[in-house]
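Peer 1: The structure follows.
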Amino acid sequence: MILFLDRDGVINDEIKDGYVLRPDMFRFSEGVLSAMPILAQRFEKIFIVTNQRCIGKGMLTEAGLHEIHQQMLEQIRHHGGRIDAIYFCPDVDNTSPCRKPATGMAMQAKNEFPDLDFSQGVMVGNTISDMQFGKSLGMHTVFIPSTRPETPFPHPLIDQRCDNLLAFARSIQ
C-alpha cells in the first residue's frame with residue numbers, strides 16, 4: 001500500500017491566513033511524530049503532496065522550502081518514521097495541473113516510482129481538494145478536520161474521518 005499525505009494541517013499546524021516561511025515557523029501537529037513509525041511499517045511508500053503557492057507569490061524560495069522540509073524529515077527519521085519523496089506545487093493559479101485537486105504531483109510520483117498502484121493508495125488531507133485528488137486516482141480518502149471541522153461527514157469524497165494522523169495510524173495497526 002502507498003500513502004499520500006498533505007502537509008499543512010496534517011503533518012504540521014497550519015498557519016491561519018498565512019504560510020510556513022521559515023523552519024522556526026514549522027510545528028508538528030499533535031501525534032504526528034508518534035504516527036510516523038506506525039505508518040512506515042504499514043505502507044511501502046509514503047509521499048507528501050503539498051500546494052505551496054507562497055513560492056509563486058514570491059514569499060518563499062524553493063531553497064527555503066527545502067530547508068523547512070530537511071528539518072521536518074530529520075525529525076521524522078529521528079522518531080523512526082520516513083517520507084520517501086515530497087512533491088510540491090508552487091503555482092498560484094488554481095487551474096495548474098500540479099495544484100491539488102489536479103493530479104500532477106501524483107503523476108510525478110508515478111514517473112519516479114513506476115510500480116505505484118493508486119488503487120492501493122490512501123490520501124490523507126484536511127481539505128475537500130485533497131479528497132478530490134485522492135478520489136480521482138481511485139484512492140481511499142481520509143479527512144483530518146484540523147482546519148475545517150465544519151466539513152460534513154458522511155461525505156461522498158470522504159471514506160474515513162480521523163481527528164489527526166495518529167488516530168488514522170492507530171486505525172490501521
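Each residue, glycine too, has its Cβ placed from N, Cα and C.
Pulled from TrEMBL, these are the listed features:
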ACT_SITE  Asp6  active site, nucleophile
BINDING   Asp6, Asp8  Mg(2+) binding site
ACT_SITE  Asp8  active site, proton donor
SITE      Thr50  site 'Stabilizes the phosphoryl group'
BINDING   Cys89, Cys98  Zn(2+) binding site
SITE      Arg99  site 'Contributes to substrate recognition'
SITE      Lys100  site 'Stabilizes the phosphoryl group'
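Map these features onto the structure and tell me what's around them.
Peer 2: Secondary structure from DSSP puts Asp6 (active site, nucleophile) in coil.
If you draw a 10 Å sphere around the CB of Asp8 (Mg(2+) binding site), it holds 21 other CB atoms from the protein chains shown.
Cβ neighbour count for Thr50 (site 'Stabilizes the phosphoryl group'): 22 (other Cβ atoms within 10 Å of its Cβ, all protein chains included).
Look at Cys98 (Zn(2+) binding site): DSSP puts it in coil. Packing around Cys98 (Zn(2+) binding site) is summarised by its Cβ count: 18 other Cβ atoms lie within 10 angstroms of its Cβ, all protein chains included.
The number of other CB atoms found within 10 A of the CB of Arg99 (site 'Contributes to substrate recognition'), across every protein chain shown, is 22.
Its own atom aside, the Cβ of Lys100 (site 'Stabilizes the phosphoryl group') has 26 Cβ atoms within 10 angstroms in the protein chains shown.
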Peer 1: Can you tell me which of the recorded positions Thr50, Cys89, Cys98, Arg99, Lys100 is spatially closest to Asp8 (Mg(2+) binding site)? Compare CA atoms only.
Peer 2: Thr50
Peer 1: Under 8 Å between C-beta atoms and at least six apart in sequence, can you list the same-chain neighbours of Cys89 (Zn(2+) binding site), or say none if there are none?
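Peer 2: Same-chain residues close to Cys89 (Zn(2+) binding site) (Cβ under 8 Å, separated by 6 or more) are Thr50, Asn51, Gln52, Arg53, Ser96, Cys98, Arg99, Lys100, Gly104, Met105.
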